[in-house]
């Protein structure tokens with residue numbers, strides 16, 4: 001029997017497949033599209049996702065296909081410098097098209113043995129105490145121990161579960177288009193600069209091969225959220241910029257709204273939700289793909305532990321407990337950003353005030369930490385300030401921390417050399433390293449790099465190990 005069915009082969013599902021296969025979990029990804037995605041809605045990775053790629057040994061692949069930027073302005077386009085003191089070894093944004101991210105994650109998952117079936121869509125599901133039966137659109141049935149819905153904002157899995165998806169409806173729509181233009185680039189650049197003095201939901205950037213990615217406010221709401229036509233794009237360009245730049249030969253046309261919705265629960269028995277199936281929000285700040293990757297990084301090791309038989313009773317539930325509040329905060333900050341992009345007098349007055357505030361380094365850093373997810377700290381109870389945070393990559397006597405965590409296991413980083421994980425050594429590595437660049441005597445790290453315990457007392461460590469790594473063997 002399959003261990004895990006993943007419905008959806010986008011970045012979240014592919015990341016999760018790699019995480020599960022790292023632990024030997026038999027994984028099948030079902031993707032309804034018959035061929036790989038050729039268009040990139042998202043175009044970058046933030047620091048936390050870059051850390052994830054480093055921790056899994058994938059970063060060099062991504063760096064080879066992306067470009068590093070240290071530029072501010074990610075919060076509602078407010079002009080700001082990139083902070084110099086972010087708590088990460090990867091203090092930059094990696095510009096990389098989503099289509100490349102998906103290709104690299106596909107390569108990683110399949111190298112580890114994940115099976116990806118295209119042209120397959122979940123149409124029904126039934127679960128019992130032992131597993132989940134998924135019915136595909138062609139009538140085929142598959143049985144697995146767990147199923148994870150990574151099938152996007154219009155998730156079939158979420159609908160079949162009957163999970164509520166409360167939130168705010170779309171009030172404004174924006175068109176995205178990769179097109180060619182019939183005017184000089186200098187003309188396009190000049191018009192964009194002039195229009196953006198008042199309309200910040202308008203923009204144009206090179207998209208490769210002579211194409212430009214245009215971002216244009218829609219004129220009203222669509223009835224069915226269907227992709228716009230070239231004629232609609234031209235009308236919206238005329239309404240916003242007074243010209244359509246002679247756009248032609250579109251290779252991609254899409255639209256997005258400013259709706260924000262959050263699934264009421266991420267787990268229903270043996271079925272879980274991740275990525276856009278669990279939360280949707282506007283793309284302001286470029287957080288959506290990154291949020292899904294981090295969902296997968298949180299869930300993967302926990303699901304593997306449940307399948308491996310060593311998961312503590314509440315470990316799978318901690319996925320919802322930890323990731324649901326993170327998504328709620330992202331929904332809040334994207335709502336705030338959309339408000340700051342409004343043309344109405346009230347929001348524009350607030351924007352002018354915010355433009356003054358981001359000149360303060362602490363305010364600027366706070367906003368960037370939100371966008372990049374560096375500020376995320378899971379509520380793991382009382383204790384040292386490090387508990388619940390992801391530990392940045394640090395130098396060790398030999399090598400780096402993230403290099404030591406590429407196997408997806410827990411790690412006791414012990415500067416004292418006096419501690420032991422005997423009884424958990426099949427799940428937790430012990431590195432006694434007095435030269436580690438760590439400001440505490442010892443730290444217990446979960447497989448996702450978050451600090452579960454800090455201290456130097458063996459009895460206290462033994463009291464905390466079972467919470468995340470189950471009973472001793």
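Even glycines carry a Cβ here, placed using N, Cα and C.
According to Swiss-Prot, 12, 31, 32, 41, 98, 156, 276, 289, 290 bind FAD; the candidate from 122, 132, 183 that the record adds to this site is 122. Put simply, 289 is the one of the binding-site residues 32, 156, 289 whose Cα lies nearest to the Cα of residue 196 (rifampicin binding site). Counting Cβ atoms from all protein chains shown, residue 98 (FAD binding site) has 19 others lying within 10 Å of its own Cβ. If you take the Cα of residue 156 (FAD binding site) and the Cα of residue 285 (rifampicin binding site), they are about 27 angstrom apart, rounded to a whole number. Shown are the binding-site residues 12, 156; the one with the most C-beta atoms within 10 angstroms of its own C-beta is 12. If you draw a 10 Å sphere around the CB of residue 43 (rifampicin binding site), it holds 21 other CB atoms from the protein chains shown.
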